[in-house]
Every structure is written in structure tokens, then in C-alpha cells.
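J.: Sharing a structure here in C-alpha cells format.
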Amino acid sequence: MTQAQAKRFQFDRQLWHRFVETAQPYFYPVGQKQTRVFLGLILALMVVVVALTLFLSMGLTLWATAIFPDFFAKSGEGLVDGVQGLINSPAPWIGLVALAMAGAVFISQRQKLQQRWLQWLLLGVLLSLLFVVNGLNVILSFVFRFIDTALNGKDAEVFWQFLWIYGIVIVVAIPIIVAYRYLRQKLGVLWRQWLTEHFLGRYFKGRSYYHLDSNSAYTLIDNPDQRITQDIQSFTGVTLDFLLDILDSILTLISFTAILYTISQTLMWGLIGYAVFGTVVAIAIGTRLIRINYEQLRLEANFRYGLVRVRDNAESIAFYRGEGLERKQVTDRLLGAIRNFNLLIIWQALISLFQLGYNYFTRLIPYIIIAPLYLAGDLDFGAIAQASLAFGMVLSALSLVTNQIQNITEFAASINRLGEFYESLNGPSNELERPESTGFDHNVITTRIGATVALENVTLSPPNSSRILVRDLSLAVAPGNHLLIMGPSGSGKSSLLRAIAGLWDSGQGTIERPELADLLFLPQRPYMILGTLREQLIYPSAQSIADDDFLLETLNKVNLPDLAERFGGLDSLENWSSVLSLGEQQRIALARVFINQPRYAILDEATSALDVNNEAELYHALTDLGTTFISVGHRPTLRNFHRQCLEVQAEGRWQISPINN
């Protein structure tokens, strides 16, 4: 593994940068120094939540004191005095000032937060509920302490009093916890939807999906489909979980450290040291796990893709009787995933060994420190249970990394996969994660929008290759001057069409063409979308551009008069690539030309599955339509429908000749 590759699997600044670039846009635009503003907004939101929680706590305490004065006089005197002291202190004024300042921060960013208020509102509600849940946990720790002390002292009145309080707290807590969990998942779903649409927008922009094709030798971005589906779902859910877990840990740490400090300072400091030790060891082990989890995601995706390929090419495999080879290839992918998974479970076992020892040993520490204090009469019996609870809560907060290291390493792997994907989508289309240069220095073919298709001194090469397909080619295809491109297989005929479409730009020279909306490309194997027959016909238009009569007339024109009736109408939904023969699919593709009526149609052996008579009828119909066509083909009969012929020869040579019909 190279040093650059090793850096992909470390807890470092690059990992943080990729995380921010992926996570921040949902809440705040990404830009120079914008991350600081984003983090400042989160801090301001926390200030708002803390201030509102403070006022709510004081108000509820005063309200409860007014309703149950006898109870608070006997059992909650310290609480009432503390709240009263808080009210008389500068704290309320500080809270009001903090609220005003935090509000001003959000108001100052209102333009950049447009259409983002819902996520901030949900996040604020979640933080508020998190504060409430932590407050209820603190209350329960004291309730348990009083219950245990009452049982030990056989004080029935206090026992039943606090048992009723426990019941009330549970009744209040259950709907709050349910609401918290629901909103947590809801925000995760909304975030996933937004982030997926954000990635899809970039994936389809500038034909990035083509340049990032995982079948290409020129990209290191494997399985973009998995990154958009599984990795984004994992990223949004786990990010939200970790964010709230970290905040929960901070609140728990503050709340229960104070309780622990009042019981035993020795216990508190020993706990902090123990947690730091566990975190350091967990991170050291986890760094190795990031790479293993990254590989597991990649290998599982490759295995799944192998099965998808078999499903999509079942008929071809059956004709070739290639079941044995296909099974071997799919099994090899499975074994690759299994080998890596075996390595993964070894490391997971090592982490589990450390985690179990770490967690079991922690149960001894409170008793070792607290028992002598109780036996000496310095603590009441209920303090033992409260100390154990507080110790466990604080340890859980401090040991977040230790206990979640396996999830964190899986999360880091997802961050790296999404980060690489995001960086590639933002890069120039001809620089998308390609391997190192082969040593052949390419220029770039220039594309110019014009009224015709014309090539000026075009030299074309495959991406990252020194092979010359066509050298210094100049030609013009004026309206009606149909062009036929012929030549031996592998000579570069289809590559020339890719250059005209703007898919390939390795080489030099200038290509003039109309806007892509005025061009329609028909490959040899037509693309059948997942949609109705109507949607097949109007593709690539998203909305219907013709009425039913015109669509049916077009089907008749391409010699498919009974197709709609055969499948139950234009709105029938089928797996068209399976139920239609290749010849029928090619005629559907030609129907798209008659429906969309482009100025130029480029046919890459688009009639190869048709008989000569069908081919002749369709070319005559295209001529009557007024669309200028550029065809790639091998049949000599194609010359009857074109005005000029470009013959692509070996070593970049070519010849243009007129066709006299």
C-alpha cells in the first residue's frame, strides 16, 4: 500500500474535511471559512436550547413548589433553595442576553439559511428533548437514592412517596423519549432524501455518470450506485446518531460528574483516567479497522454487481452456455468478500476482548472506592446505588469512542467512500479519478456550438492512451448531406461518435455541432428505460410531446402497428429490454427520432438487427422527416441512403468520398 493510499484509512484532517464537505451542505452552504460559521450556528443553537431549558427548569420548579409545598419543604428543600438562588443570581439575565445574541447570529445568516429552517428547527427540538431526557435521568438517580435509603431505614412514608414520583417521571418520560426517537429518525430520513438528491444532481450533471462508469478503466470510483444508496443512508443515519450521542455524552458528563463529585472525588478522577486509557487503545485498534471496513464495502458491492450483471445478461449467458464461467467469477467475488470478512471478524474479536475486559472491570471500581466510605458511616446506603449509576453514566459518556469504535470505523469508511465520490463529481469531467498518465500528453478537443456538424483537423485518441484512432480529420455534414461512416471493427468509428457527443475529448482539433437537444444518438443496443410504452417512445423527453394518435401512427411507421395493443396500451409497464426483441427495440429507438424530430440523428449500427427491407423503409422515412443522419454501419446497402462516406482506416488514416445515388 502506498503512503497516499494509507492516508485514506486514518483519523486525520482529510477525513474531517471529507466529513464536513458531505454533511454541512444540508444545514449550511459549503465555502471558504463557512465551516466556522456552521459550527458557530450549532453552538448558537445549543445556547438557545440551554437558555430555554434553564428558564423551563426554574418555571417548573416554582410551579411544583406552589402545588406541593409540604413535599418540597420536607424532601426537596435543597432543590428549592438552589433554584431560588439561581433566580436571584445574574443567571436569568445572562440567559436572556445569550438568547438575544444567538438569535442575532441566526438572523445574520438568514439568507444562507433559506429553505434550511426545517432542519434547524428539528435539530433544536431534538437538542431540547435531549436536555429533558438527561434532566429526567438525574431526577431518577435521586429518586432511586431516596428509595434505597428509605428501604434500608424502613421508612415506609418516604418509600411510597418517591415510588409515586418514580411513576410520574416514567409517565412523563415515555412520550418524550418516543418523540425524541421519532424526530431523530425523521430528521435522518429528510437528510438522506436531500443528500441523495444533491448527489444525484451532481451525478447526472455534465455526464459525470458516464465518466464515472465503474466499468471504465479510467476511474477509481467503484460502484457509484452503492455509494448513492447504501453509503448515503449509512452516513446520514450514523452522523445524526453520533452527533446526538456526543451531545448526550457531554450533558451526561456534566450532570453526573457533579453528582459523582459530591460523593467521591477519588472515584471521579480515577474514572476520567480510566476512560482516557480506553479511548487511546480503541483509536489505535480502530485505525486498522477503517481500511478493512472500506474493503468490505467495496467487495460486497462488487459481489452484488456481479449477480446483477448475470441477471441483466441472462439470455446472452444462456446462449453462450457460460454458466460455469459466470458461477466461477461470481464465486471468486464472494470469496474475496469472505476473506476480507474473516480478517474483519478477527479484529472485531480483538476489540471485543478489550471492550469486555474494559467494561467488566469498571463494575468493580465503584464498590472498591465507595464501600469503605459506607462502612465508615460517611455515606448513606442509597448513595452506593446512586454512585454506581452516576459512575456508569459518566463512564459511558467518556467511553463513547471505546464502546463505538467498530461503528466509528465503519462510519469512517463510508465517509471516505462518499468523500472520494463527492470530490470526483466536483472535478473536471476529463480528470475524474483516472489512473496515472501513460506518458502520452493529450490536448483537448474543442467543442463549438453551431448550425451543422463539422470537424476541423480532429485527431482522436482513447482517454489515457497514445493510440491514434483518427488523425487530422476535417469534414462537414450540412443539412441533408447524410454521412455514412464505415471501416473495420475497432478502427474508431463509434469513438468518433463519442467525440461528436462530447463524451470523449482526448486529442486535438475542433468539433462544431448543434446543441445536444438538437441531436439524438441511437446506439446498436437501444436503451430501454424503466417506464411505460409511452415513456419509451418519447424518451429522452420527460413529458409527453405528442398525443396518442401521433404515437400510434409512429409505431405504425416503424412497423410496430400492434405493439401497443399487444401489451395493453401506451401506458402499459413492462421490462421492455426482456419482452422486446433486439429488432423491436431498435425500431422503438427509431420511433424516438420521428417523435422528437432532432435536426441530426446519429445511428451507431442502429438498424443492424433489422432485415434489409425494414431498414430501407425506415431510412426513407427518416429522409422524408428532414432529419440529417450520420450512420455507422457495415452493410453495403446503407450507401443507398447517404450522400457521402467516411472510411476509417488503420493507424489514423481516413478517406472521404461522395456517394452518387
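Positions of Cβ are set from backbone N, Cα and C atoms, glycine also.
Reproduced below are the annotations present in Swiss-Prot:
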- 37-57: transmembrane segment (TRANSMEM)
- 87-107: transmembrane segment (TRANSMEM)
- 120-140: transmembrane segment (TRANSMEM)
- 123-410: domain 'ABC transmembrane type-1' (DOMAIN)
- 158-178: transmembrane segment (TRANSMEM)
- 243-263: transmembrane segment (TRANSMEM)
- 266-286: transmembrane segment (TRANSMEM)
- 341-361: transmembrane segment (TRANSMEM)
- 453-659: domain 'ABC transporter' (DOMAIN)
- GLY487, PRO488, SER489, GLY490, SER491, GLY492, LYS493, SER494: ATP binding site (BINDING)
J.: Which of 37-57, 120-140, 158-178, 266-286 has the most Cβ pairs closer than 8 Å to the transmembrane segment (87-107)?
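T.: Going through each listed stretch, the top one turns out to be 37-57.
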J.: List the same-chain residues at least 6 positions away in sequence whose Cβ sits under 8 Å from the Cβ of GLY487 (ATP binding site), in sequence order, or say none.
T.: LYS493, GLU647, VAL648, GLN649
J.: Restricting to the same chain and to residues at least six past its boundaries, which positions have a Cβ under 8 Å from a Cβ of the transmembrane segment (120-140)?
T.: 27, 41, 45-46, 48-50, 52-53, 57, 106, 113, 166, 169, 172-173, 176-177, 179-180, 183-184, 186-187, 190, 244, 247-248, 251-252, 255-256, 259, 393
J.: Report the residues of the chain - excluding GLY487, PRO488, SER489, GLY490, SER491, GLY492, LYS493, SER494 - with C-beta within 8 Å of the mean position of the site's C-beta atoms, for the recorded ATP site, in sequence order.
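T.: Surrounding the site, in chain order, are SER495, VAL648.
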J.: Per DSSP, to which secondary structure element type does LYS493 (ATP binding site) belong, with helix, strand and coil as the options?
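T.: Looking at the DSSP assignment, LYS493 (ATP binding site) belongs to a helix.
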J.: What are the sequence-distant neighbours of SER489 (ATP binding site), meaning same chain, six or more residues apart, C-beta distance under 8 angstroms?
T.: none
J.: Around the Cβ of PRO488 (ATP binding site), how many other Cβ atoms lie within 10 Å? Please give the count over every shown protein chain.
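T.: I count 12 other Cβ atoms within 10 Å of it.
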J.: Restricting to the chain of GLY492 (ATP binding site) and a gap of 6 or more, list residues whose Cβ falls under 8 Å of its Cβ, or answer none.
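T.: Those within reach of GLY492 (ATP binding site), by Cβ under 8 Å and sequence separation of 6 or more, are LEU460, LEU469, VAL470, VAL648.
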J.: Considering every residue in the domain 'ABC transporter' (453-659), what is the mean pLDDT value?
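T.: The answer is 89, the mean pLDDT of the model over that range.
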